[in-house]
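What follows is a set of notes on a single structure, which appears directly below.
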Amino acid sequence: MEHTGSPPLVPDQRHFGAYQYEIYLGGLSGQVPPITTDLSALAEIARDRMEPTAYGYVAGGAGTGATMRANRAAFDRWRIVPRMLRDVTVRDLSRTVLGTRMPAPVLLAPVGVLSVVHPEGELAVARAAASLGLPLVHSTVASYPMEEVAQAAGDAPRWYQLYWPRDREVAVSFLERAERAGYEALVVTLDTFLLAWRTRDLDQAYLPFLQRVGLANYLADPAFRAGLAKPAEEDPAAAVAHWAAMFADPSKTWEDLPFLREHWDGPILLKGILHPDDARRAVDAGMDGVIVSNHGGRQVDGSIAALDALPGVAAAVDGRAAILFDSGIRTGADVVKALALGADAVLVGRPYVYGLALGGEEGVRHVLRCLLAELDLTLALSGHTTPDQLTPDALVHA
Ligand SMILES: Cc1cc2nc3c(=O)[nH]c(=O)nc-3n(C[C@H](O)[C@H](O)[C@H](O)COP(=O)(O)O)c2cc1C
Ligand SMILES: CC(C)CC(=O)C(=O)O
């Protein structure tokens, strides 16, 4: 057919926003997306389709849920101020954070026990993330061991999240295994050395770990197994009790950080930083990055919204370390706001978990593609072609 010179119906496929046209074109043959494109509505849809215990665990927060609400309210208070006539035809969302190149500044937050949501759990998530080239952060309390998840991720980038166990041998073993399995950066979660008062789980008397979900990394670990009086297969209850006793250590202080450096060669990020002084301390201690996060509102009820903490942390870090952000990201516009306020990249949590619950690997991919498409379109429509162009000037505080 002769080229007529008319513009292509589907814009440049390299742009994430093209997912929008893929969906519209599907409509010509009567297809609609299997899952909503409104990621803020996913929780409500998932509630009707998930086991009540699993839904309560994923959706729940600490106490009254005030921190979860604050996370969302903080995003609503910032508004984007679009700029016009800036030629945004060609856009590049890619970014390199601590040596890891990502096609957009978005990672999958570490989320444990995903087999309570879908039997393929973290394996399905790893495949979906890898198909888009997005980095996955593998949780210590995942339902599949880190080696199997690494295999599912293939060549795609992956980071490892450590729940720093009381038992030094197990900690060393986890770090050695993660390095061997090709995890590039270490995320050390500081805010969950105790489980918060989680009323939804308490009301259902439900904790997945007591049913041995989430222990895969431990049960596959020689150092953990060596600490058991009897093999876990013979005495599962004792294995759970042993896990509960050593899972985390509330006595840890800043003085313990050199241990991490001793046993990990790559970049190290501290997750759960909310106070500028803690951010400064992390940098002074030689950490490579901080993750501004209140654990999705799951730990301290009445905590500062993570987004409200971001500008103070960004000022304290002052370019000396990477700044990542999570807690409350639901849309592409949210990503734009977090980047403008100083994040180098963001992590998304519950939305991809609902995608997994509603559609397995394909559901996770759909959720991530929606997020990336909306990010690309919002970036362009507000007058930017790269994440680097986003500064606090792109926003007003309403
Ligand atoms: C079901 C669930 C399990 C989680 N498990 C972990 C975990 O194992 N390790 C960790 O560091 N954070 C964990 N998180 C916290 C996430 O990494 C992230 O901080 C949070 O989900 C971000 O908030 P969002 O869900 O609003 O996006 C978990 C969150 C959820 C919802
Ligand atoms: C409490 C942990 C074991 C898992 C977690 O991080 C979470 O449920 O938020």
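Cβ coordinates are placed from backbone N, Cα and C, and glycine is handled just like the others.
No curator has checked TrEMBL annotations; they are predicted automatically.
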Tyr163, Arg198, His295, Arg298 bind glyoxylate in TrEMBL, but which of Tyr57, Tyr144, Tyr352, Tyr354 does that record place at the same site?
Tyr57
Which of these binding-site residues (Pro110, Gly112, Arg298, Asp326, Gly328) have a C-beta closer than 6 Å to some atom of ligand 2?
Gly112, Arg298
Give me the long-range Cβ neighbours of Arg350 (FMN binding site): same chain, 6+ apart, Cβ under 8 Å, in sequence order.
Leu42, Ala43, Val58, Ala59, Val111, Gly296
With DSSP assignments reduced to helix, strand and coil, which class does Gln161 (FMN binding site) get?
strand
Rounded Cα-Cα span from Gln161 (FMN binding site) to Arg198 (glyoxylate binding site), Å:
22
Among Pro110, Gly112, Gln161, Gly328, Arg330, which are recorded as binding-site residues, the nearest neighbour of Tyr57 (glyoxylate binding site) by Cα:
Gly112
